[in-house]
Amino acid sequence: MSGELAGVPAAPSGAGWGRGGRLAARRRLADRLATGLSLGATGIVLLALGSILLTLLARGLPGLSAGTLVRVMTPPGGGGGLANAIAGSLVQTGLAAAIGTPVGLLTGIYLSEYATDGRVVAVVRFVSDMMLSAPSILVGLFVYLALVAPVGHFSGLSGAVALAMLFVPVVVRTTEDMLRLVPLTMREAAYALGAPKWRVVLQVCLRAARAGVLTGILLAVARVSGETAPLLFTSLGNMNWSLSLDAPMASLPVAIYQYAGSAYDDWVQLAWTGALLITAGVLVLNVVVRMWHRRLGAGQ
Amino acid sequence: MEPSTLSPPSTMVAARRAAGGVGDAIFSAAVRLSGWSLLALLGGLIGVLAWGGAQAWGAFGPGFAWSTAWNPVSEHFGALAPVFGSVMTTVLALLIAVPLAFGIAFWLVEMAPGSVAGPIGMAVQLLAAVPSIIFGMWGFFVIVPVMARVVQPWANRHLGHVPVLGVLFHGAPYGTGLLTGGLVLAVMVTPFVCAVMRDVFTAMPAQIRESAYGLGATRWEVMRSVILPWSRPALVGGVMLGMGRALGETMAVTFVIGNTNRIGWSLFAPGNTIASLIALEFPESAAGSLKLSSLLALGFILMVISFVTLACSRVLLRRGA
C-alpha cells in the first residue's frame, strides 16, 4: 500500500522532483541512501540467520544417525549418543508445560475476566511482563536457592519448575489477549441461558479463544525447550539414563553446553547434532504455529 | 447481564444455580490464587536473591558494588568488572542492533512489497526464536575465528596507531572479547527491537503518512520528519526492551566473552559479564561460601539493573501506544 503511495511524489509536485534542481537532487540522494542502507540492514540480518542455519546443517548433519538418537551419553571416544538428553528435555519441557499451562491460563482468565480493580490488574500484568523478560539465569538461581539447596541435591523436578516460571508469562499474555477478543454478545448469550460465570468463562470464552491460547502454549513450549541457563543450577545434567524427577536429569541444551566447550572431537560433533535437533524443533514449531494461527486469523 | 437477577422459572434451575454459585466461588478463588501467586513468585525471586547476597554485602559493605577484586583465594570479591562487561557488551550490542532494526523496520513497513515483506518479516522473527545457546556456538565457531584472523589483525594494524581511538583496538587477536560479545548480542537483540519498531510504525495513522506523501515528501523524509518524531517514546521503549534482553543474556555471551575478570578499554580484550560469571562460577562455589554469596549479590545487581530498564521500557511503550 505504502509502496504505491511512494510513487506519488514523482507526479507534478511543485518543488521540481525530476526537474533536476539541486535541492531535488539532494533529497533524492538522501532517499536513495536511506533505501540502500535499510536494504543493507535487512540483508545483514538475513545473512546472519542464513549463516546460523547453514552452519548448523553443515556441522550437525554428519553426526545425525540412529545411534545418536538411541545411545546414551558416554565419556569421550565411547561412541555415545544423546538419547538421555533428548528424553530429559522432553520430560522437563513436558512437566514445565503441565505446571505452567494451568497457572498461565488461570492468571490470564483472572486478568481478563475477574479482576475488577484496575490497579491490581496493572500490577499483575506488570509482574507477568517482568517475568517474561527477566534474565533466565536469575530464575535458575532462585529455584536453586528455593528447591535445590534445601533438598541438598539437583533434580529434574527443580529444572521443570525453573522452566515453568519462564513458561507461565507467555501463556498469561496470549490468554489475556485472546479472551479479550471474544465478543461480549457471546458472553451475554451464555449468561441469558442461565450459565454460571465459571462455565461461561471455561466453556464459552475459553473455547472460542482456544486456537489463540493453544498458539501461546506452543510458543511457550518452543521458548522453554531451548533454555539452558535456568537448568545449569537446577537439573544440572546427567551422563546416565535417568528419568527420576528426584535426581539430576540430562537435557539437550545443557549437554550442548558441556560438549561444545570440550576438547574432544566426538563430543563437539554431538554438540552440533544436538544444536541442529533443538533448533530444527524450535523453528519448525514456530513456523507451523504462526502459519496456522495466521490462517485461522484470516478465516475469521 | 448479571444472571442471578433473573427470576428462576423452576426449582431445578434454582438448584443448578446454587451449584453454579459453588462452582463460581471455587473457580474465582483458583483464578485469584493463580494471579497472586505470580506476585509471590517475583517477590520471592527478589527476596531470595537479596537474602542470599546478604553475606557478601555484610563482608564488603556497599564497596562491593565498585570493587574490582575477584580473588577466590584471598576471598575478596567485587562487582565492578562484571558490571562493566555487562554494560559495555550491551552498549556495543545496541550500537549495532538499533540501526539494523530500524533499517529492517523501515524497509518492511515503507518499501517492501507485501509478498516479500511477509516471509522476510517472519524470517527476522525466527531469529528471535533461536535458542541462545545456538548463538553461543555460532559465535564461538564462526564469529570468533573471523574476528581473530581477519577483523582484529586488520584493526590492530590500521587503527591501533590512531592517537586516542587506538586504545580501543589494542591487544592480541584472541577473537573473543567485548566486541565479539556485543556482535553476537546484537544479532540476538535485533529481532526484538525490530518487532517493536515495526508495530509502532504501522500503528501510525495512515492519514498523517498519506498527507505527507501527498505534499511530495520522499519516503525518507516521511520517516524522518513525520513518523520518527511521532513515535519517539515507543521507539525508546523498544530499544530499552532490547537493552534488558542484552543485559541478562547468558549462554551466548559465555561462549565468546573470554571470561576474564578485568576492566579495560580495548574492545578486543577478553572480559566477562554478570550473567556469564554466574553461569561459570556458580557450579563450583561451595554452599554457604562467601563466593556463592557474592555471586548472588551480583545476581541481585543484575536484577535491579534489568528490572529498572524493563520497567522504563514498559512505561514508554504504553505511553507511545
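Note: Cβ is positioned from N, Cα and C throughout, glycine not excepted.
Owing to the predicted nature of the structure, the values given are computational and were not obtained by experimental measurement.
Copied over from TrEMBL, here are the features:
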DOMAIN    A:86-289  domain 'ABC transmembrane type-1'
TRANSMEM  A:36-61  transmembrane segment
TRANSMEM  A:81-111  transmembrane segment
TRANSMEM  A:123-147  transmembrane segment
TRANSMEM  A:153-172  transmembrane segment
TRANSMEM  A:208-226  transmembrane segment
TRANSMEM  A:270-289  transmembrane segment
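For the transmembrane segment (A:123-147), the residues of the chain that approach it from at least six positions outside its boundaries are 107, 110-111, 115, 155, 157-158, 161-162, 165-166, 168-170, 172-173, 176, 227, 229-234, judged by C-beta separation under 8 angstroms. The stretch from A:81-111, A:153-172, A:208-226, A:270-289 with the most CB pairs below 8 A to the transmembrane segment (A:36-61) is A:270-289.
Sequence-distant neighbours of the transmembrane segment (A:208-226) (same chain, 6+ residues past either end, Cβ-Cβ under 8 Å): 89, 93, 96-97, 100-101, 104-105, 108, 163, 166-167, 170-171, 173-175, 177-179, 181-182, 186, 252-253, 278-279, 281-282, 285-286, 289-290, 292-293, 296. Long-range Cβ contacts of the transmembrane segment (A:270-289) within its own chain (Cβ-Cβ under 8 Å, at least 6 residues beyond either end) map to 52-53, 56-57, 59-61, 63-64, 68, 73, 80-82, 85-86, 89, 215, 218-219, 221-222, 225-226, 252-253, 255-256, 259-260, 262.
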